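These notes concern the structure reproduced below.
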Amino acid sequence: MSGSYSPQKDPQHPTQHQQFPPTPPYPSSSVWSGNLGENPVFIGIGSAAGASALTLLGVMGYRRYWKRIKNADYVTSELLRRRAWIKGIVTSVGDGDNLRLYHTPGPFFRYPFKIRSIPTTQKGLRNETISIRIAGVDAPENAHFGNPAQPHAKESLEWLRATILGKRMRCQLLAKDQYNRIVAVPYISRRLWWDRPLPLMMLKEGMAVVYKAGGAEYGPWGLDEMLKVEAEARDAKRGLWALRKFESPGDFKARMKLKSDVSEERPEKKSPSGWIALVKRLIRRT
């Protein structure tokens, strides 16, 4: 027989002499989990995720708890919707039922962490305070817009100034009125005891009456409780209830408005001029 027989190699059926590249071993899950802490890629991803989470939490915390509200324009609908609480210092009292509050969020306005201060000049406070309308009460009207002051307006204003000016207060934000004031329930802060609710204090001392106009807010007590406190002051003749003739602030404002409307509608009497005026002067002399 000429030549030797050599079988053809079938790639689909390798013989024992054929060898393929070895398959790389796959690590088990235990190996992966055991090496994650040493893998620089996973360390980098974890560090970046942690830093991002801390940054996000910091921004959210700052916006919710430490960002200062400069004035009523910065009070958002979201703050009013959730009836947020703020704290601050009363910088001025312009009427018997409103105040201006300098918002002091966070721990940095009080010792031992005090690193921020409150302006003391009118220039420094301009556009930096929140105009607060005390919810649920109505104090006697001061003189303004050409109208006279209502009886007991001075006493109510002086009492409110002596009670809260320069004091630290907590306020629950409720709404914004047509004058861009924030309707809120203010409490006088006390470190060692319960905070004092200012609206109830005003009613109890006879410095205001319950506000009953449309859209009124009565805080956590409700209208019935506030009317009860008002009735107790009336029976004891405290404050404005000691007046011999009392007119509610609402009735007073309505009367002043009616008076103003009538005066605007009344035509002005024109002084006579020319020969008519001359004749009248001659008649008066005779």
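Cβ from N, Cα, C; glycine included.
Taken verbatim from Swiss-Prot:
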{"type": "ACT_SITE", "residues": "Arg133", "note": "active site"}
{"type": "ACT_SITE", "residues": "Glu141", "note": "active site"}
{"type": "ACT_SITE", "residues": "Arg181", "note": "active site"}
{"type": "BINDING", "residues": "Asp138", "note": "Ca(2+) binding site"}
{"type": "REGION", "residues": "1-29", "note": "region 'Disordered'"}
{"type": "TRANSMEM", "residues": "41-61", "note": "transmembrane segment"}
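Taking the Cα atom of each, Arg133 (active site) and Arg181 (active site) are about 6 angstrom apart. The residue listed as 'Ca(2+) binding site' falls within a strand segment according to DSSP. DSSP classifies Arg181 (active site) as coil under the three-state reduction.
For Arg181 (active site), the same-chain residues lying six or more positions away in sequence with a CB closer than 8 A to its CB are Ala72, Asn98, Ser131, Ile132, Arg133. In the three-state DSSP reading, Arg133 (active site) counts as strand. Under a cutoff of 8 A between CB atoms, and with a sequence separation of 6+ in the same chain, the neighbours of Asp138 (Ca(2+) binding site) are Asp97, Ala208, Val209, Val210, Tyr211, Lys212, Ala213, Ser248, Pro249, Gly250. The number of other Cβ atoms within 10 Å of the Cβ belonging to Arg133 (active site), over all protein chains shown, comes to 22.
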